[in-house]
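Per TrEMBL, the features are as follows:
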TRANSMEM  85-112  transmembrane segment
TRANSMEM  124-142  transmembrane segment
TRANSMEM  193-219  transmembrane segment
TRANSMEM  231-252  transmembrane segment
TRANSMEM  272-294  transmembrane segment
TRANSMEM  306-323  transmembrane segment
TRANSMEM  329-347  transmembrane segment
TRANSMEM  359-381  transmembrane segment
């Protein structure tokens, strides 16, 4: 791929990944404010909330979507530091999040260019397209009303990770560069880079760090067993660069009752085995058909590490563990590369021209990403309330932030509860399925309150027991109903569709 075409393709890919954001900005009107989120907005608001912690001048993370956040710990420093920086620069966090996401995706693209060059020399046009913009065959499930894992396991796919957030693509970038550094013959000159990758990968993704440790350790053993020269110092440098913070993270998320409760309900199991197979097809199929051709090329140290990465990733995803899906991180990269390496042998097996098979598989792998861009753009263009602040919401949240230090507990609907910590340091009773302690019960209670299912006495008791200071009653809450305690009551403040009620004036 010539440099000028490569530059054009990179620019086009970044524009495509920014297309939903562009549509969101265009579709924003005076009464609707676009959030800057594209994929999985519920988690997106949690990233903005972490950045908000930094913007407020703090460094320690506390749970932003729960009534009692507990003690802070040095978690999510990437987002908290970003919040500090954007706060200093005066850049809105929603804008900063988009810029950071595109920047990190751009770095991932550059790392994949380098990987493609090292594995495929000059003949890497299609594999580069697949690595940066490809997916699996999960779209085959759409007629059944289901989505394959390539529609929602963002950390596994470079393009989807670039739509989701900044830290996924940056973590994948570091994983790729780590493999490239460890495959360089002059590793001693790369020690600073190895240390950098180990340390920052442990910060961005402890699971990515753990997978990389497994890949590099097994690779070192493979080299020794086969009599190849293999120095252990690069491996030790990588391990000891990342282990301290990874160990701290493990301690921190179990160090307080609040964090322990959050960790216990943070369940991310792997997709079903058949879903994983479909998600990483057609490349898994090519690997099975062409494994002899792949194995014949294992003199290349990068290819050896890609084989190990694929095996380690697949094995870890079936280990019983509440966060096992996280081990799928970046797994599309080695599987797609190995699939292309086995393509000639696979084509020979099924009696088809290799070039034709490559084009067919590439075309099939581009369908899911295309649909993702179309679907997210359509949802954002339709003013889906998950992606926009509704009339009066921003003004109301800003006003509440100026009351009593801006840390009061606010009762709001679950959607509003996701938005409030994203642009303030106010606390909410419910706002996130994982980062709200006892999330399911809290969600049910909030819905029962606003839908009027509680009696007047139950409403007063609920407000008192939870030490709620303010009731946020906007369009989202109005869609649920109206609690008895608010009937015939005047709000303390009105912002277009949003009424703010002081609990001290409602409950005597």
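The backbone N, Cα and C atoms fix where each Cβ goes, and this holds for glycine too.
Values in this document were obtained by computation on a predicted structure and should not be read as measured data.
Below 8 A, the CB atoms of the transmembrane segment (124-142) and the transmembrane segment (85-112) form 3+ pairs separated by six or more positions in the chain.
Taking every recorded stretch in 85-112, 306-323, 329-347, 359-381 and counting its Cβ pairs under 8 Å to the transmembrane segment (193-219), the highest total belongs to 306-323. Within the chain carrying the transmembrane segment (329-347), a Cβ under 8 angstroms from the stretch's Cβ atoms is held by residues 112, 115, 119-120, 126-127, 130-131, 134-136, 155-158, 168, 171-172, 175-176, 205, 207-208, 211, 280, 282-287, 289-294, 297, 303, 306-307, 309-310, 313-314, 353-354, 356-358, 361, 365, all 6 or more beyond its ends.
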